[in-house]
């Protein structure tokens, strides 16, 4: 007994620190991934808040035409954004000490790169921390696997896409209208709506919402009756009560009759695996689609696919989308180039007479 006490007393400061970091008894689990997650996410969050409020305009296109994104420079919550790093910087690592001055760093959009790189490191560590806590508690690792879907999506738009396009200026701005601008330009340049992986992502997100609503409403409606046939079932149930009221047999019977027998799960684990896997796989595919379109492997092109016997084009929905894409493309970065790439790359049509 004495030897054990001596060993505890002689435990080093480092040993006590390790035990505290990896203890699952803490109110909030830290873990070794948390040691990196906490400072990176705090840095990204604090710089985002400061830059969103007060950052000066950024020369995003590298043509000496700064774009304002902060609240103090005339924006509101909807129009405000952290403007991406300048095209003049490209993919160069651009910390503060690489600039001649802080003013130059701000003018070239240094905060965007700082926020994005810290944020991606932070959310990756959050995913690792989920696995680490699951491991400490003897759980299975699927929580972290599910979280990998939004991590992959964020990595695709903030890192993979800029790498493929050759500049952080092509990354998604950190703001509401900036996000929509990114989506519109992405459609114009890559025809993402005609990409099968994006279609799978839409099915994953909308399907996941539908299944979540169906599951929640079904569980809430499946009561173990606490009342007689002569009074409402609601009388035996208090909204939000802690005691379980869910009966999977009743839910299975209801849903099997509403649609058909095999559309309903009678196994709770199979049901919840499906609820988790459907949106996760869909978002994985979307992230993969963004990552391939980053290198210009774009959505399907069915432009002018249908012609009559005289060779005249019969417009289809694909041609309508193509015209919309061209319109969006000529509107963005309108001072950076005279023609969008699609228009500049083709030969001029020949004229008769």
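Glycine is treated like the rest: Cβ placed from N, Cα and C.
Over in Swiss-Prot, the protein carries these features:
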MOD_RES   2  N-acetylthreonine
MOD_RES   2  phosphothreonine
TRANSMEM  29-46  transmembrane segment
BINDING   118  chlorophyll a ChlzD1 binding site
TRANSMEM  118-133  transmembrane segment
BINDING   126  pheophytin a binding site
TRANSMEM  142-156  transmembrane segment
SITE      161  site 'Tyrosine radical intermediate'
BINDING   170, 189, 332, 333, 342, 344  [CaMn4O5] cluster binding site
SITE      190  site 'Stabilizes free radical intermediate'
TRANSMEM  197-218  transmembrane segment
BINDING   198  chlorophyll a PD1 binding site
BINDING   215, 272  Fe cation binding site
BINDING   215, 264, 265  quinone binding site
TRANSMEM  274-288  transmembrane segment
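If you count neighbouring Cβ atoms within 10 Å for each of the recorded positions 190, 272, 332, the highest count belongs to 190. If you count C-beta pairs under 8 angstroms between the transmembrane segment (118-133) and each of 29-46, 142-156, 197-218, the highest count goes to 29-46.
Of all Cβ atoms in the shown protein chains, 22 besides its own fall within 10 Å of the Cβ of residue 198 (chlorophyll a PD1 binding site). Within the same chain, residues 20-23, 114-116, 118-119, 121-123, 125-126, 128-129, 131-133, 136 sit at least 6 positions outside the transmembrane segment (29-46) and bring their C-beta atoms closer than 8 Å to a C-beta of that stretch. Each of the binding-site residues 170, 189, 333 was scored by the number of other CB atoms within 10 A of its CB, and the lowest score belongs to 333. For residue 118 (chlorophyll a ChlzD1 binding site) paired with residue 126 (pheophytin a binding site), the C-alpha to C-alpha distance reads 12 Å.
Sequence-remote contacts of a segment are chain residues at least 6 beyond its ends whose Cβ falls under 8 Å from one of its Cβ atoms, and for the transmembrane segment (142-156) they are 119-120, 123-124, 126-128, 130-131, 134, 276, 279-281, 283-284, 286-288, 290-291, 294.
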